[in-house]
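Right, one structure below, let's go through it.
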Amino acid sequence: MSSTSTSNTAGITYPKAYDVVVIGGGHAGTEAALAAARMGAQTLLLTHNIETLGQMSCNPAIGGIGKSHLVREIDALGGAMALATDKAGIQFRVLNSRKGAAVRATRAQADRILYKAAIRHTLENQPNLDLFQQGADDILVENGKACAVVTATGIIFRTKTVVLTSGTFLGGVIHIGLDNSKGGRAGDQPSIKLAERLRELKLPVGRLKTGTPARIDARTVDFSVMQTQPGDTPLPVMSFMGNVDMHPEQVNCFITHTNEKTHDIIRKHLDRSPLFSGTIEGVGPRYCPSIEDKIHRFADKNSHQIFIEPEGLTTHELYPNGISTSLPFDVQLEFIRTMAGLENAHITRPGYAIEYDYFNPQNLKPTLETKSIDSLYFAGQINGTTGYEEAGVQGLLAGVNAALSTQDNPVMDSWTPRRDQAYLGVLVDDLITHGTKEPYRMFTSRAEYRLLLREDNADQRLTEIGRKLGLVDDTRWQAYQQKMESMATESARLKDLWATPHNELGKKFTEQTGEVLSKEATAYDLLKRPNVGFNDIAAVTGAQVAADVGEQIEISVKYAGYIDRQQEDIDQMKRLENTQLPADFDYKAVSGLSNEIVQKLNDIRPATLAQASRISGVTPAAIQLLGMTLKKQKKAKAALDI
């Protein structure tokens, strides 16, 4: 990869120079392009096919455990995913609704066509953003810095920064049984030349694998023998700016199960599986395994739940969630027809596995800029993640930092949230600190400060930052300010209302909740009781605030003690986060560090003491030594400056 690449550079140079060129129009690419353009950067989104912008390549769903938290963070920063989901969602459910607020998660089944249309509409109406249909074959580099992108026909787009969001297209190989073919996904050509160019970088390249199930014609399915899975009532929304009126028609999903016959057929044909024959070298997602992998790994289970999900309102295609497979087509047809309701199923598209290139994310800066090439940013599956939501949030961050690097921003020259600020911060820190050898998926369990990182308060955590960055428009900002003002006003009102065992408010409270007061308390403090919700307090005090405002007040009251304790831990960690480690820090010169620790620190080059403390094998004693060394260096420098 250099400025001396051969045939491609013989083409024309496009007359307009850009601040940011984004390669790839998937979930990472669209959020990257929109973020950069919202910040005022002249941005180009380069895609091999404009018709597939925002395409849901696998399951037609957004959100879920840990994932909806990321979607809400994208939304709080002005991104497109949540609003597109509200416009396309054909079933909404809140998962873990009976558990604590930290792990509750909204999941939406989406109409593929409506979702793609919503994303494309947003892209086409975004100022400062141009679209261009053509694949990228090369990234030109001068003096160690990305400076242009060359398309398949040799068109050169000059740019200050490049954001690469290639998904599964880099060196993509599709597997169905023992047959394989080159492809970025079914029906799309892979990016071969760009993959070859990228391998010239001094970055460790790996191979990962993902897969998708067969699609089924709903007209050949007997839903009467399946369990019906309806959406929630009242309907949830995904975006802070969304509302129920945006939602299209709502539909049911269904549940069936595999059985011993299903498993016997799959076991019988494992020798024809590329996963078990050794044809596939890439590691697949641990938390979304293929059906053949599930049956092999969980041999003691005689049944697995399969969710039958509609792909949209205007199509008969169904997505059978839980039977991703790369077995031959004849085996797919045979095992699918063993399940209740699918005995006569017609497959419209076979399932397949896809193997693709990714790059070790430990070679990225916290901004998602590569350490090897300046002004080149990676986002999405190229960094070893899996999932639309993980891709989208990385794309937004890469787009933000690419834009910032081209601007003289008085507020900040780069931005990456801390682990206590956002799941995005957790994701990036995990990737750049630990790397990954398998597709990385977000879970709430990955966040040590998850009481603070709830999906319901993503706007309180990030919208003000988004406003400073230029990501949040006036409409969203005004809505956020009104919400915060409403929360403050209502909280103050409740603190001024006193209930006693004998006054009218106290009697109403007991009648509403069945709880007897033994002493006086404010309406605000009554929310601390486990069995009392904001709706109860609203009923007896005449509160008239939006549902999300009431929810926020209730959560803040009930979790106040836990949050305060967690905040103490965060304050301690912030001291380490604020201690920068120079990029050229000489770890060998620190007396007392073991060779193993020196090697790990040299390999990862942590940006802060906090990041260093999270590297496996780096001890608290080592962190103390590093801190002492930095203090000595700071004192020595101060003495020289006198």
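The count begins at 1 with the first shown residue.
Backbone N, Cα and C define each Cβ position, glycine as well.
For reference, Swiss-Prot has these:
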type: BINDING; residues: Gly24, Gly25, Gly26, His27, Ala28, Gly29; note: FAD binding site
type: BINDING; residues: 284-298; note: NAD(+) binding site
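Considering only the binding-site residues Gly24, Gly25, His27, Arg286 (NAD(+) binding site) has His27 as its nearest partner by CA-CA distance. DSSP classifies Lys294 (NAD(+) binding site) as helix under the three-state reduction.
Listed in sequence order, Leu270, Phe276 are the same-chain residues six or more apart from His296 (NAD(+) binding site) with CB atoms under 8 A from its CB.
Straight-line distance linking the Cα atoms of Glu292 (NAD(+) binding site) and Gly26 (FAD binding site), rounded to a whole number, equals 28 Å. Sequence-distant neighbours of Gly284 (NAD(+) binding site) (same chain, 6+ residues apart, CB-CB distance under 8 A): Leu208, Lys209, Thr210, Gly211, Leu275, Ser290, Asp293, Ala353, Glu438, Pro439. Every protein chain considered, the tally of other Cβ atoms within 10 Å of the Cβ of Gly24 (FAD binding site) stands at 32. All chains included, 32 other C-beta atoms sit within 10 angstroms of the C-beta of His27 (FAD binding site). Contacts of Gly29 (FAD binding site) defined by a Cβ separation under 8 A and a same-chain sequence distance of 6+ are given as Val22, Ile23, Leu45, Thr47, Val163, Thr165, Ala379, Gly380, Gly395, in order along the sequence. When the binding-site residues Arg286, Lys294 are compared by the number of other CB atoms within 10 angstroms of each CB, Arg286 has the fewest. Taking the Cα atom of each, Lys294 (NAD(+) binding site) and Gly26 (FAD binding site) are about 28 angstrom apart.
Of all Cβ atoms in the protein chains displayed, 19 besides its own lie within 10 Å of the Cβ of Cys288 (NAD(+) binding site).
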